[in-house]
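Annotated features, as they stand in TrEMBL:
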{"type": "BINDING", "residues": "L56, E61", "note": "substrate binding site"}
{"type": "BINDING", "residues": "R141, I142, G143, M144, G145, G146, G147, F148, Y149", "note": "ATP binding site"}
Amino acid sequence: MHLKSVALTTEEIRRIVRQRRRDLVISERLHAEQSIYRQIYQHPKLLSAKKIAIFLSFDGEVNTQPIIEYLWQQNKSVYLPIIDLTNPHHLAFLPYHRHSQLTTNKFGIAEPIYDVDKILPYQSLDIVFTPLVAFDHRNYRIGMGGGFYDRLLQNYQHDNIYPIGLAFKCQQIKYVANQSWDIQLPEIIIG
Ligand SMILES: Nc1nc2c(c(=O)[nH]1)N(C=O)[C@@H](CNc1ccc(C(=O)N[C@@H](CCC(=O)O)C(=O)O)cc1)CN2
Ligand SMILES: Nc1ncnc2c1ncn2[C@@H]1O[C@H](COP(=O)(O)OP(=O)(O)OP(=O)(O)O)[C@@H](O)[C@H]1O
């Protein structure tokens, strides 16, 4: 059988695309990221948005640090996800300022320190920059496998949240064999 006709499992796709993302040549990575930043800085939805969730990059993800700096400069309120220990498989969002103290979660990702009084109800978010491992032409995504963003975004239209995926071209695959809970992103910014 020809190798290309063999369907890969989601776990295999995750492993292969994560590796591809880590292996991006630095010059290509920086070039792609510049293109992503330009697209964000011109984004019409960003003008009216006030509360914006983003993530701190790991494992070769698009570097979000310059985007965060830009959002702070624009006086946007920036929020980061934390693994919500009181509500398994759910994310909670906490404010992120220049001097916020961070800790490392069980996945090795930096996150703000839990403070129940500071949690933002996620429906208050205007834009959610969404990490992803792989995506297809229909904007179906495969994430890290926790189902965190699928749960968060399952009613994003009703909740009036606008998710924007961030990805490198090398993360695009032919077809995501989507499950019933998988959400289709309205937009992915690709560099
Ligand atoms: N930057 C960033 N933050 C994020 C996400 C993300 O995709 N990117 N997440 C999106 O959902 C959530 C974290 N989700 C994750 C789900 C699974 C693994 C994971 O499997 N990690 C290990 C193996 C397991 C372990 O160490 O316990 C690995 O790297 O293989 C990591 C993160 C919240 N924060
Ligand atoms: N809306 C949902 N309601 C209930 N369970 C869900 C929902 N979304 C995902 N799940 C569960 O979460 C598990 C992981 O889902 P999946 O592999 O699609 O995650 P992912 O999209 O890769 O991860 P993430 O969204 O965290 O980036 C699934 O096995 C599924 O049972």
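Just so it is clear, glycine is given a Cβ too, placed from its N, Cα and C backbone atoms.
Not measured: the values here are computed from a predicted model.
Shown here: features listed in TrEMBL, placed on the structure.
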residue: L56; record: substrate binding site; CB count, 10 Å: 18
residue: E61; record: substrate binding site; CB count, 10 Å: 21
residue: R141; record: ATP binding site; CB count, 10 Å: 26
residue: G143; record: ATP binding site; CB count, 10 Å: 18
residue: G145; record: ATP binding site; CB count, 10 Å: 10
residue: G147; record: ATP binding site; CB count, 10 Å: 15
residue: Y149; record: ATP binding site; CB count, 10 Å: 24
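Checking the binding-site residues R141, G143, G147 against ligand 1 with a 6 Å cutoff on the Cβ atom leaves G143, in sequence order. A Cα-Cα distance of 15 Å separates L56 (substrate binding site) from G143 (ATP binding site).
Proximity of the binding-site residues L56, E61, G143 to ligand 2, judged by a Cβ distance under 6 angstroms to any of its atoms, singles out G143 in sequence order. Taking the centre of the Cβ atoms of R141, I142, G143, M144, G145, G146, G147, F148, Y149 as the ATP site, the nearby residues of that chain (Cβ within 8 Å, site residues left out) are L132, V133, D150.
Across the fold, the C-alpha of G145 (ATP binding site) and the C-alpha of E61 (substrate binding site) stand 15 Å from each other.
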